């Protein structure tokens with residue numbers, strides 16, 4: 001596959017546009033630095049003066065330099081001990097914004113009949129709110145343990161497992177396809193970090209958004225300038 005720039009900042013490989021959006025039935029999004037502008041764990045750490053320490057681990061994990069993602073997340077969450085729910089709400093209200101084109105792309109996909117899945121190594125405190133605002137159909141993410149309004153530095157196990165890592169993102173994509181009665185090739189997967197690669201490999205169309213180099217190299221589409229809605233340039237009107 002030879003990457004081709006079909007427009008400034010829009011690189012494709014492995015297919016020839018235009019595609020038909022209605023040929024796809026599901027679109028799966030990562031959240032942090034994909035649908036939204038922040039890495040939530042880094043911003044939460046800022047509330048206890050540990051952003052630099054946590055962000056360094058996050059950056060290494062997203063580049064694929066950390067082999068045990070679950071352990072890296074446990075380490076980061078442990079450093080969040082003492083953050084209050086009030087501070088978490090402030091981060092959501094004051095720092096979190098949708099990336100350019102996010103709402104437009106989700107709306108276009110829903111209008112074309114696609115279901116929308118949000119799979120995140122982040123936290124339900126944010127994914128639940130993002131899903132509600134954008135009308136997202138399915139979510140999977142991690143639950144921070146809270147006691148008396150304060151983070152304990154631990155996560156809560158869920159019926160599906162302990163932590164939503166790359167393998168869990170892939171599993172949730174495949175489970176959602178099975179639920180909808182579709183093939184994974186009828187799914188689009190959008191992400192920016194190494195933990196998005198397992199689900200991107202399963203999808204019929206993989207999309208890297210302002211992504212790490214390892215992700216850009218493997219994706220069918222790499223959006224390197226502009227917003228998420230640039231993906232729509234590849235589809236017939």
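Each residue, glycine too, has its Cβ placed from N, Cα and C.
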Given that Swiss-Prot lists 76, 120, 121, 169, 195 as binding substrate, which residue among 39, 233 does it place in the same site? 39
With 30, 32 listed by Swiss-Prot as binding Mg(2+), identify the candidate in 165, 192 belonging to that site. 192
Would you kindly give the Cα-Cα distance separating residue 32 (active site, proton donor) and residue 76 (substrate binding site), rounded to the nearest Å? 15
Sort residue 121 (substrate binding site) into helix, strand or coil using the DSSP assignment. strand
Give me the count of other Cβ atoms within 10 A of the Cβ belonging to residue 39 (substrate binding site). 23
Beyond 30, 32, 192, what residues of that chain have CB atoms within 8 A of the centre of the Mg(2+) site's CB atoms? 31, 33, 34, 35, 39, 62, 120, 191, 193, 196, 209
